[in-house]
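Visitor: Please see the structure below; I have some questions.
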Amino acid sequence: MEDKKSSTPSVVESNNGQKYQQQQEKLDPSKMQANAPSASRRWLSHVLGDIYAEDSPQDLSKGKKNAIILVVALGGVFGPLASMIYMPSLVNIAQALNTSTASVNATISTFVVFMGIGPLFWASFSDLYGRKPMYLISIIIFIIASVLCGISTSVPELAIFRAIQAIGASAGQSVGAGVISDVFIPAERGTAYGFFYVGPLCGPVIGPLLGGILGEFLGWRSNFYFLAIVGGILFAMVLFFLPETLRKKHDDNWDEVTIPKKRSMMDNIRHVSAAFKPMIGLLSYPNVMVITMYNTVIFGALYFMNPTITQTFTQLYNYNDLIIGLCYLPFGLGLMVGSIGSGRWSDWLLARKKRLTNGPVPHEYRLIATFPSVILIPLGYLGYGWSTQKGTSVWIPLVSLFVYGVGQMTAFNSSSVYLVDCSPGRSASAIAVNNFFRTIVAAIVTAFSIQCIEAIGTGPLFSILAGINVLNILNVLVVRRYGERWRSAAMKREGLEVVATKPQQPDEEAAIGRSLSRCDSTT
C-alpha cells in the first residue's frame with residue numbers, strides 16, 4: 001500500500017435519503033499509527049467526536065449500544081419534561097409576577113413554537129458537524145436558559161428565556177433519532193426506537209408530578225433550577241459516554257479508514273438547503289397534508305385543555321401544586337395505554353388484511369385504527385368540560401382525562417405511522433412537517449385558551465371541541481378513499497418511481513412510525 005494520500009470520490013447517502021458526492025481521503029493505518037496524537041489530544045478528540053475510532057458504530061458491542069440508547073433517551077426527555085413541569089405552578093407564577101394566568105400561558109405558546117422549529121435545524125446541523133457537538137451545544141443552551149427562566153422577574157423575560165430553553169431541548173429527539181439510525185442496523189432499529197422514545201413518553205407523566213412537588217415545597221422557580229441540574233448531569237453523560245456516531249465510517253476494505261474531507265462554507269450551505277428539500281416536496285402530497293390537518297386539529301384541541309387544568313382544579317377544588325401535579329397522571333397513563341394498545345391493534349389489522357387478501361395492503365388501510373378516537377376523544381372532552389362546569393366529584397374529570405389520553409394517542413399513532421408508510425425514505429421529514437404545523441396551531445390555541453374558558457365556560461367550550469373532533473374524522477375518510485390515487489400522482493410529479501401499494505420495509509418503518517408518534521403529543 002502506498003503511504004501517500006489518495007483522493008477518490010464516493011457517493012454517500014445522507015440520513016434524509018438524499019445522495020451527494022463526497023471526496024474522501026484514504027489514509028494508511030500505519031501512517032496514522034506513527035502520527036498518533038498524544039494522550040491529551042486523544043481525550044479531546046473523544047470529547048469532541050473521535051473520527052479515528054477503530055470500530056464503526058454498528059459494530060459496537062450490545063452493552064455499548066444499550067448505553068447509547070440510555071443516554072439519548074434521557075436527552076429526549078427534556079422537551080416534554082420542560083414543557084409540562086411547571087404546569088401545576090401556573091397560578092403561582094402569575095401571582096408572583098403580578099400578572100394573569102392568561103399572560104403566563106403565552107410562555108407556553110412560545111415554548112411550543114420553538115420546540116416545533118428547533119428540530120428542523122438541529123437535524124440538519126448534526127448531519128454536517130456530527131451528533132455529539134450538537135448535543136453538547138444544545139444542552140449548554142438548555143442549562144443557561146433554564147437558569148435564566150428561574151431568575152425571571154417578568155412575563156416577557158420568562159417568554160424569551162423559555163424560547164431559548166425550547167431551542168436547546170428540541171435537539172434531544174431529532175439528534176437522538178439520528179444517533180439510533182447511525183448505531184443500529186435496519187433489523188434492530190424498530191426495537192431501538194421503541195426504547196429511545198420511552199424517554200419522551202415519560203415527560204407528560206412525571207413532569208407535572210415533579211413540578212407539583214417542587215412548586216409546593218420549594219417554589220415555582222425551583223422547577224427551572226431542577227431542569228438546569230438535570231441538564232448538567234446529561235451534559236456529563238454525553239461528554240464521557242456518548243461516542244460520535246456520524247463520522248465513524250469505514251470502507252469495505254478493513255485496512256483503510258476513510259475520513260470525510262472538509263467541505264467549504266458554500267458546500268455546507270448547499271447541504272443544509274438540500275436537507276430541507278424532502279420536507280418541501282411532501283407539501284405537494286395531498287394525503288400528507290390532509291392527515292397533517294387531522295393531527296393538527298387533535299393536537300390544537302389538546303392545548304385548550306392542558307393549560308386550563310391548573311386553573312380549573314385550583315378554583316374548583318382548592319388544590320395545591322402537589323395535588324394538581326397528581327391530577328395530570330391519569331392523562332399521562334391514558335397516553336401510554338393508547339400508544340401501546342393502538343400500535344398493537346394497527347399491526348393486527350394489517351396482518352389480518354394481508355392474510356385475507358394474500359397480497360399487498362394499501363397504506364390507507366391502517367387508518368381504520370383511528371376510528372375509536374372519534375368516540376373516545378369527544379367522550380373525554382364532554383366528561384371533562386361539563387364535570388368541571390358543574391363542579392362534580394373530582395373523579396369524573398380525572399377519568400375523562402384518562403379516556404381523552406387513550407383517544408388522543410389512538411389517533412396519533414395510526415395517523416403518524418401512515419405518514420411513515422406513505423413516505424418511504426422520507427419518513428422523518430413527514431413527521432417533521434406534521435410536527436411543525438401542529439405546534440404552530442397549538443401555540444396559537446394556548447394563547448387564547450384561558451380567555452375562551454372565561455368567556456363561555458368549560459362545558460360549552462369542550463362541547464364545541466367534541467363536535468369539531470367528530471367532524472375531523474372526515475379527513476381520515478377522504479384519505480381512505482383517495483389517498484392511494486393522490487400518492488401516485490404526487491410521486492409522478494416529482495419524477496419518482498411509483499411502486500406497488502406494499503410498504504417498503506414494513507416492519508421497520510411501522511415500528512419507527514409508532515415510536516415517532518409516541519412523542520408527538522408530549523411537546
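Backbone N, Cα and C atoms are what each Cβ position is placed from, and that goes for glycine too.
TrEMBL entries are annotated by machine, without manual review.
So TrEMBL says this about it:
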type	residues	note
REGION	1-36	region 'Disordered'
COMPBIAS	7-24	compositional bias 'Polar residues'
TRANSMEM	67-86	transmembrane segment
DOMAIN	68-484	domain 'Major facilitator superfamily (MFS) profile'
TRANSMEM	106-123	transmembrane segment
TRANSMEM	135-153	transmembrane segment
TRANSMEM	159-180	transmembrane segment
TRANSMEM	192-218	transmembrane segment
TRANSMEM	224-242	transmembrane segment
TRANSMEM	280-303	transmembrane segment
TRANSMEM	323-345	transmembrane segment
TRANSMEM	365-384	transmembrane segment
TRANSMEM	396-420	transmembrane segment
TRANSMEM	432-450	transmembrane segment
TRANSMEM	462-483	transmembrane segment
REGION	504-523	region 'Disordered'
Visitor: By Cβ distance under 8 Å, which residues at least 6 away from the ends of the transmembrane segment (106-123) in the same chain are close to it?
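Guide: Same-chain residues near the transmembrane segment (106-123) but 6 or more away: 15, 79, 82-83, 134, 138, 155, 158-160, 162-167, 169-171, 173-175, 178, 275-276, 279, 303, 306-307, 428, 432, 435-436, 438-440, 442-444, 446-447, 523.
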Visitor: Please determine whether the transmembrane segment (224-242) and the transmembrane segment (365-384) are in contact (criterion: at least three Cβ-Cβ distances under 8 Å, sequence separation 6 or more).
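Guide: Judged by the Cβ rule, the two regions do not touch, with the required three close pairs absent.
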Visitor: Take the domain 'Major facilitator superfamily (MFS) profile' (68-484) and average the pLDDT across it for me.
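Guide: Its mean pLDDT is 81.
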